[in-house]
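Here the structure comes first, spelled out in structure tokens, and everything after it is commentary.
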Amino acid sequence: MKHDLETLKHIIDSSNRITFFTGAGVSVASGVPDFRSMGGLFDEISKDGLSPEYLLSRDYLEDDPEGFINFCHKRLLFVDTMPNIVHDWIAKLERNQQSLGIITQNIDGLHSDAGSQHVDELHGTLNRFYCNVCHKSYTKSDVIDRTLKHCDNCGGAIRPDIVLYGEMLDQPTIIRALNKIEHADTLVVLGSSLVVQPAAGLISHFKGDNLIIINKDRTPYDSDATLVIHDDMVSVVKSLMTE
């Protein structure tokens with residue numbers, strides 16, 4: 001492990017176009033449940049009596065707008081979550097002008113909360129909301145502080161700005177993500193199993209020098225990586241910062 005940390009530190013210190021690709025594992029230490037792991041968010045959502053895929057779908061929003069927004073307020077707001085040391089470390093590398101930015105599968109908005117400016121959120125973010133009818137924009141603070149569920153302009157359901165089942169990923173976001181990967185000298189994957197498509201397929205576009213994967217479990221790209229560390233991200237970053 002010590003040798004891996006030394007290798008990781010050397011690669012990070014010698015890179016100046018790092019792109020980060022992050023998944024659910026990064027935010028677990030902040031109290032955000034992993035969606036699909038045992039005991040994760042999907043398990044919790046299943047207790048509501050409908051399938052997680054339906055509750056997080058465009059169909060549910062259209063079939064039962066009131067039920068959808070009540071579900072969002074109950075399960076998705078993550079009111080007390082804060083960035084952890086991994087989010088802070090990534091933001092610091094961006095401030096030091098070593099990083100091109102972040103591509104994330106997460107919807108919790110914690111990278112932005114940590115101060116990162118260049119974040120491509122493939123599945124959207126819970127930091128932004130909008131009316132499903134007139135598209136008036138709202139912040140997360142608007143929704144939480146006022147327990148706001150209906151648009152004060154037209155009365156429509158206020159939904160989070162996330163990609164629901166049955167909706168397309170935002171193409172400008174995909175293009176920006178591809179650009180970050182194609183121009184990176186080092187790609188660091190953190191807390192992602194790299195199996196969810198089409199997001200995970202972006203990794204195949206990396207042609208830079210070093211692919212680093214830090215994840216508790218194996219991924220389909222482990223054999224292609226310069227360095228693989230199967231460990232907890234928080235532990236790795238803490239150790240890295242004391243090296």
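Here the Cβ of each residue, glycine as well, is placed from N, Cα and C on the backbone.
What you are looking at is a predicted structure, and each value in this text was computed from that prediction instead of being measured.
Database features, via Swiss-Prot:
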ACT_SITE  His123  active site, proton acceptor
BINDING   Ala24, Phe35, Arg36, Gln105, Ile107, Asp108, His123, Ser192, Ser193, Asn215, Asp232  NAD(+) binding site
BINDING   Phe35, Ile107, Asp108  nicotinamide binding site
BINDING   Cys131, Cys134, Cys151, Cys154  Zn(2+) binding site
DOMAIN    1-243  domain 'Deacetylase sirtuin-type'
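Between Asp232 (NAD(+) binding site) and Asp108 (nicotinamide binding site), the C-alpha separation comes to 19 Å. Within the set of binding-site residues Ile107, Asp108, Cys154, Ser193, the entry lying nearest in space to His123 (active site, proton acceptor) is Ile107 (CA atoms). Sequence-distant neighbours of Ile107 (NAD(+) binding site) (same chain, six or more apart, CB under 8 Å from its CB) are Leu76, Glu121, His123, Gly124, Thr125, Leu126, Pro160, Ile162, listed in sequence order. Excluding the listed site residues Cys131, Cys134, Cys151, Cys154, the same chain places Asn132, Val133, His135, Lys136, Asp152, Asn153, Gly155, Gly156, Ile158 with Cβ atoms within 8 Å of the centre of the Zn(2+) site Cβ atoms. Across the domain 'Deacetylase sirtuin-type' (1-243), mean pLDDT in this model comes to 91. Cα of Cys154 (Zn(2+) binding site) to Cα of Asp108 (nicotinamide binding site): a distance of 27 Å.
Long-range C-beta contacts of Cys131 (Zn(2+) binding site), restricted to its own chain and to partners at least six residues apart, with a cutoff below 8 Å, comprise Tyr138, Cys151, Asn153, Cys154, Gly156, Ala157, Ile158, Arg159. Set side by side, the recorded positions His123, Cys154 differ in how many other CB atoms lie within 10 angstroms of their CB, and the most is found at His123. When the binding-site residues Asp108, Asp232 are scored by other C-beta atoms within 10 Å, Asp108 scores highest. For Cys134 (Zn(2+) binding site), the same-chain residues 6+ apart in sequence whose C-beta sits under 8 angstroms from its C-beta are Cys151, Asn153, Cys154, Gly156. Summary for the binding-site residues Ala24, Cys151: the Cβ-based neighbour count within 10 Å is maximal at Ala24.
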